[in-house]
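According to TrEMBL, the features are:
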DOMAIN    6-91  domain 'Phosphagen kinase N-terminal'
DOMAIN    119-356  domain 'Phosphagen kinase C-terminal'
BINDING   122-126, 185, 229, 280-284, 309-314  ATP binding site
């Protein structure tokens, strides 16, 4: 049974949210009926409650989404809330839909989007993975954080060739290493208020770490928002090269660490916006002429299901006409198709920018 203090918090938070002018998907889909139906439920293995799922959105009325999954079972137990939010965010992925099996496609069909180097500053493809048998951040114990870090660092130390590199634990990190990683924009900081409110930053910095290869074109974040964030990136617009490196790495790591996967939802992660392929392919792109016509930029982006963000990520402005543009859909399509959407949309934006 859910204890009284939790119920009290839920009731108060729900009333506040209902009275607010929040635009979050949480507010949109947490009807009184859904709320009453879910408020006394718990996940079987970790005892997560509705409060664990929605507390970030209850505290931050300016959230875009407002919910997280405290453990993999939450997606099933609290499906009445997750399913409509997933459908809304992922462009019509309905609760009767099934995410296709993993398919990286023909990696050689993607190339350089900007061979002359006029528009694209850098290219990045990343995906999230959760380790099977462990809950997500809010339910992890300190011992589990440490255990996971050990598994990840020993697995990554086995990577070879282009992926060979070093793992840096955040615990006990020297000021020099810290500064070096900050300068390279590799170091992640403790979570923002949205993650803090979701209880995703406990025991910080225990169990957190960063791995990067010698060329600094491949990195893995351990226990930031997800158990693993696997990232391939480099300067310029060679999406093909970046994608091939990621695929090689993910396949290699997967042989050694089993990942949390669901037949319907694909790869399971802490945030429902990252389910399915979990793939986010993005470029930092300089389009000053289109930047002056934001409506046109948004229109083309919308056509290809792309998300346009400011230079420093979500909730920021573009600096000097430089945008962070990525694929928005991660569900109901294959890994290859998700990256291809970004590829085609960016090609179209470059064509437009050069014609203006």
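Cβ atoms here come from the backbone N, Cα and C positions, even for glycine.
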For the binding-site residues 122, 282, the largest set of other C-beta atoms within 10 Å encircles the C-beta of 282
Would you mind checking how many other C-beta atoms are within 10 angstroms of the C-beta on residue 125 (ATP binding site)? 27
Which of 229, 309 has the fewest nearby Cβ atoms, counting only those within 10 Å, among these binding-site residues? 309
Restricting to the domain 'Phosphagen kinase C-terminal' (119-356), report the mean pLDDT as a whole number. 92
